Structures are given as structure tokens and as C-alpha cells.
Amino acid sequence: MLALLTVGVALAVAAGRAQDSPIPGSRFVCTALPPEAARAGCPLPAMPMQGGALSPEEELRAAVLQLRETVVQQKETLGAQREAIRELTGKLARCEGLAGGKARGTGKDTMGDLPRDPGHVVEQLSRSLQTLKDRLESLELQLRTNVSNAGLPSDFREVLQRRLGELERQLLRKVAELEDEKSLLHNETSAHRQKTESTLNALLQRVTELERGNSAFKSPDAFKVSLPLRTNYLYGKIKKTLPELYAFTICLWLRSSASPGIGTPFSYAVPGQANEIVLIEWGNNPIELLINDKVAQLPLFVSDGKWHHICITWTTRDGMWEAFQDGEKLGTGENLAPWHPIKPGGVLILGQEQDTVGGRFDATQAFVGELSQFNIWDRVLRAQEIINIANCSTNMPGNIIPWVDNNVDVFGGASKWPVETCEERLLDL
């Protein structure tokens with residue numbers, strides 16, 4: 001029994017020494033694994049290398065694995081490039097829709113949208129194309145470097161070079177197409193802009209002609225001033241000013257259906273007194289005549305949308321005044337700014353009440369409607385003269401302010417149009 005135990009110990013010691021000693025003339029090499037093998041958890045066994053040199057099969061396997069890694073990297077890069085091309089193509093499609101009028105709207109630009117301005121669209125496309133070119137050049141340089149450093153067999157290098165060449169040509173064709181589309185978009189945008197500018201210039205010229213009163217009226221006084229909106233910027237202005245007056249008569253034709261109140265048909269302001277002469281109806285108040293900021297209420301009713309002839313007389317002596325509508329005297333009074341002469345050198349405005357000389361209009365007091373035949377005399381007209389003017393028996397222009405085309409300017413969208421004849425206005429009463 002003791003002999004058997006001794007023999008077993010000796011065999012165990014010999015086996016341990018045999019395991020510790022390396023195999024003479026042998027060593028191991030580590031081989032790169034493909035991703036599939038790593039994921040499967042089945043690594044290839046280490047291959048013993050005899051004499052310190054790789055066999056042709058082992059060299060080919062290592063080259064194939066390195067080529068596979070390179071191809072995987074290039075696929076990822078090409079995928080990013082394709083995504084960039086798809087993104088740029090989508091932007092071009094939206095841009096074409098914008099240039100063709102398919103993407104009209106008033107919405108704000110949001111994240112990812114093309115800018116509304118065609119100039120910004122072209123600029124953004126230029127930047128995108130330049131970025132794509134830079135990335136393509138970087139990709140080409142990287143691919144060539146990888147191929148030159150791979151040490152692959154000549155057949156593999158030729159195949160890879162051909163595929164890279166095809167890919168490069170495809171990308172260059174796509175870039176050329178994008179550049180052509182960008183150029184076409186730029187040309188269409190420029191043509192559309194020129195057409196728009198031409199239309200706007202023609203419209204501006206027409207508006208200027210209307211503002212200057214260049215429309216062909218039958219006679220210098222055969223026009224009306226239209227003030228269609230209650231704003232603080234539509235008005236007419238009489239070029240001439242008033243001299244110092246101790247009496248006056250102001251007559252005009254007007255038509256308005258504004259409510260509440262027709263607003264201010266005319267106002268005359270001088271330095272230090274914005275309400276030197278004002279005719280106004282605002283809110284639910286009756287029509288008022290202001291002279292030197294003193295007020296008289298007039299029994300006139302003209303907000304029915306029909307033409308009406310209005311005349312107002314005033315004299316500084318006792319501040320006497322009269323009010324006529326359609327040739328009929330409807331009211332009279334006194335003590336309206338008595339012994340106060342009308343100051344000269346002021347500004348006469350149609351359609352707005354002035355808070356300062358020539359300005360600071362209030363939209364709530366603006367006149368809405370049409371005005372014509374605004375005349376001023378430096379005396380009190382007789383009742384029969386006013387009747388004759390109202391029933392079209394006579395045409396008597398004012399000796400201080402006559403109603404003539406070249407003496408009236410319009411601003412802010414107010415316009416001058418041919419007016420109905422006096423007889424047509426009478427039929428409208």
C-alpha cells in the first residue's frame with residue numbers, strides 16, 4: 001500500500017512539471033474577430049504560429065476582417081451622407097413650393113422650416129451645398145487613406161476603388177442636380193421679385209397721380225374728396241390759407257352715413273388756437289360750430305347717406321351766425337366769439353380736427369364720407385345767394401378759398417374722384 005502511494009505522488013509531480021513547461025518551437029497569435037462572432041459569444045481558437053510567420057490563408061483572413069471593418073465604417077459614413085442628401089432634397093422641394101406660390105401663408109417661421117424670404121432660401125441652400133461638398137471631400141480623403149494603409153491584396157483594392165469611384169460619381173451628380181435646382185430657384189425668385197416690384201411701382205404711380213389730382217375732371221371744380229375710413233391719417237389739405245377775417249361764409253356739399261356722428265368736415269387752426277374755426281359732430285352730440293374755441297350748436301341733420309348742401313355764416317359783430325341746409329335757413333344765433341377777428345396764416349384741413357396746427361388728429365373725430373364744393377367768402381352771403389348755390393342756379397366760387405383741383409391735396413389714402421353733377425346731387429336729397 002505504501003508503495004502504491006509513493007508511485008502516485010511521483011506521477012502527479014511529473015504531470016505538474018509537464019504542464020508548466022512550454023511547448024518548444026510554438027507560440028500563439030490573436031486574430032481579430034468579426035462583430036457577428038463576438039455577439040455570438042463563440043470566439044475563434046488561437047492559432048499556433050510556426051516559425052514566426054503567417055500562412056497565406058491567415059494573412060488573407062486578417063485582410064478580409066480589416067476590409068470588413070473599413071466597409072462597416074464607410075457604410076455608416078455613407079448613411080450619414082444619404083441622410084444629408086435627403087434632408088437637402090426635402091428643403092429644395094419645400095423651397096420650390098414656396099417659389100411657386102404653393103406655400104403662401106402668414107405663419108411665422110418655425111424650427112426646421114425654410115425662411116419666408118427667397119433671398120434667405122438661396123443663401124441657406126448655398127451653405128448646405130458647400131457643407132455637403134466639404135463632407136464629400138473629407139470622405140474621399142478618408143477612404144483613400146484607409147485603402148492605402150490597409151495593405152490589402154491588389155484585387156481587393158481594385159474592387160474597393162471601383163465602388164468608391166461609383167459612389168463619388170453618384171454624390172457629384174446629386175450635388176450638380178442640387179446646384180442646378182438652386183440656380184433655377186434663384187432665377188425664378190428674381191423674376192417673381194422683378195414682376196412684383198414692377199406691379200408695385202405701377203400701383204404707386206397710380207396712387208401718386210390720384211393724390212396729386214391728375215385725374216381728368218370735366219372742370220377744375222368737378223371733383224370730390226373721399227374719406228372712407230375713420231382714422232387719424234386720412235385727410236385733405238387746402239393749400240391756401242386765410243387772411244384776417246371779420247366775417248365769412250363757408251359752404252360745402254357733403255355725404256355721410258357715419259354713426260355716431262359724421263366727425264369733422266373741416267377745421268382751421270392757427271398758432272396758439274387749434275379751434276379757430278371747426279365744424280364737428282362726434283358721439284351723440286349735435287353738430288357744433290367752434291370759433292376761437294367758443295361753441296354754438298347747429299340744428300343740422302346730415303348723417304343719412306345722402307348729399308346735402310351746408311352753408312354757415314358768421315360775423316364778428318355781436319358774434320352773429322346762421323346755419324343753412326339745402327338752401328333753407330334752419331338756425332341762427334349770436335354771441336359766438338363776438339369781436340374776435342379770425343386770425344390769418346393758419347392751416348385748413350378737410351376731414352380731421354386739429355389739436356395742433358396741421359396735426360395731432362383724433363380718429364374718433366375724423367369725418368367719414370365725401371366732400372365737395374368747399375368754398376369760403378370774406379362776407380356774409382345773402383339768403384338768396386345761398387339758395388341759388390344750393391339749387392344749382394348759379395356757380396359762385398369763394399373769393400377767399402375756391403374749390404379747385406390744384407388747391408387741394410389728399411393724404412393717407414384719401415382720394416379725389418369725379419363728382420356727380422349738381423343736378424344729380426339734388427336728386428339725391
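A Cβ is built for glycine as well, from the same backbone N, Cα and C atoms used for every other residue.
Model, not experiment: these values are computed from the prediction.
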Record-annotated Ca(2+) 1 site (Swiss-Prot): member among ASN275, ASN284 besides GLU353, GLN354, ASP355: ASN275
Second cysteine of the disulfide that Swiss-Prot assigns to CYS311, among CYS251, CYS392: CYS251
Cα proximity to ASN391 (N-linked glycosylation site), best match among recorded positions ASN275, CYS311, GLN354: CYS311
DSSP three-state assignment (helix, strand or coil) for GLN365 (Ca(2+) 2 binding site): helix
Under 8 Å by Cβ from GLN354 (Ca(2+) 1 binding site), same chain, sequence gap 6 or more: SER267, ALA269, ALA274, VAL347, ARG360, PHE361
Fewest other C-beta atoms within 10 angstroms, as judged across ASN275, GLN365, ASN391, which are the recorded positions: ASN391
